[in-house]
Amino acid sequence: MRQLLPGDTVWRNIRLATMDPQQQALYGLVDNQALIVREGHICDIVPETQLPVSGDNIHDMQGRLVTPGLIDCHTHLVFAGNRAAEWEQRLNGASYQHISAQGGGINATVSATRACAEETLYLLARERMMRLASEGVTLLEIKSGYGLELATEEKLLRVAAKLAAENAIDISPTLLAAHATPAEYRDDPDGYITLVCETMIPQLWQKGLFDAVDLFCESVGFNVAQSERVLQTAKALGIPVKGHVEQLSLLGGAQLVSRYQGLSADHIEYLDEVGVAAMRDGGTVGVLLPGAFYFLRETQRPPVELLRRYQVPVAVASDFNPGTSPFCSLHLAMNMACVQFGLTPEEAWAGVTRHAARALGRQATHGQIRAGYRADFVVWDAEQPVEIVYEPGRNPLYQRVYRGQIS
């Protein structure tokens, strides 16, 4: 009989989907297991017959499914306003590029966000965060990018820090100052990139407000040369990088980000084989964002088969934002990734667990159920992981465990 230490907590009688790639079973499934949690981490995984049937801090899950906590590795959670009117325009034939050229798109949200009080932004973002938590999310990336000026970018990152301080969910904050050219720099995008590189990145990094730098390398964003200035600035300071790339066209953004050992290349609908090979060589995760593909009614799908062939890890994220993916649901993103992009349900699960952790640089502590990893996991009223992907309108979450505590 396994001896427990004072303070240990046990979840027994579980069907465990570890998402550990070293296990041969689909999803890393193993039955009749018990998790021993100690000081917020998984201490051990043992057959339940090795543990007492009952006792203090022993939870009998009656055969329920347990998976790692979900990870949403790409969101734009902090913003004000909505862009419902633009959506209606698009349904009436206007393109995303046309709307952006008319002052809509990202800049419309920038105006609303700049005008919004920090406390209001916090309350809006907190409600969104808790919606994701209710689906089993335990680690969440939050990008800035709706300020496009130093003061408001800092305000957005302070909101992310305040959310993190609640200890309800892990937050990975990302500086996305190079999201779009603000109206006041419309005729001088290079001047805006200078502001980003010489002021925003170093000052906000010094304040410890973000973990990584992101950018939007696209025909309606920044060109390759401008994007590289951002990457060079970040890497000179030792800051991890990532990029929104190849969403609407093939510019070579994935190759660029991979050359700087980017954590991830996101969207990647127009990615080609050269870019896929560069991602493999750079250790860069491909992040699929099916919500934006669906909402923009795009037709160019990411090259999933190429990513498989080159063994590039593929993550899946909600891309929750007001303009192109107003879906605050990682379950829905998993379903869309399967239906629209052809992922298998197991690939979708890997995409919101171990591969999503890698996209945030957290692969040594998050995204799998293994001894030594964080005790972030979800108990489901389900028999198989595929059920969560199959029926996104139903949430079978039974219990969410964060840092070893039921939350």
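Residue numbering: from 1, along the chain as shown.
A Cβ is built for glycine as well, from the same backbone N, Cα and C atoms used for every other residue.
According to Swiss-Prot:
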- H74, H76, H244, D319: Zn(2+) binding site (BINDING)
- H74, H76, H244, D319: Fe(3+) binding site (BINDING)
- R83, Y146, H179, Q247, T324: 4-imidazolone-5-propanoate binding site (BINDING)
- Y146, N321, G323: N-formimidoyl-L-glutamate binding site (BINDING)
Close binding-site residues near H74 (Zn(2+) binding site), where close means Cα within 10 Å, chosen from R83, Y146, Q247, G323, T324: none
The one of H76, R83 whose CB sees the fewest other CB atoms within 10 Å, among these binding-site residues: R83
Length of the line joining the Cα atoms of N321 (N-formimidoyl-L-glutamate binding site) and H76 (Zn(2+) binding site), in Å: 5
R83, Y146, H179, Q247 screened against H76 (Zn(2+) binding site), Cα within 10 Å - retained binding-site residues: Y146
Greatest inter-residue Cα distance in Å for the 4-imidazolone-5-propanoate-binding set R83, Y146, H179, Q247, T324: 20
Cβ-centroid neighbourhood (8 Å) of the Fe(3+) site, H74, H76, H244, D319 excluded: T75, K143, D266, H267, L289, A292, A317, F320, N321, S325
Residue, out of the binding-site residues Q247, N321, T324, whose Cβ gathers the largest set of other Cβ atoms within 10 Å: Q247
Where N321 (N-formimidoyl-L-glutamate binding site) sits in the secondary structure, as DSSP reduces it to three classes: strand
Fewest Cβ neighbours within 10 Å, where candidates are the binding-site residues Y146, G323: G323
Maximum Cα-Cα separation (Å), residues Y146, N321, G323 listed as binding N-formimidoyl-L-glutamate: 11
H179 (4-imidazolone-5-propanoate binding site), number of other Cβ atoms within 10 Å: 26
Surrounding CB atoms that lie within 10 Å of the CB of D319 (Zn(2+) binding site), all protein chains: 27
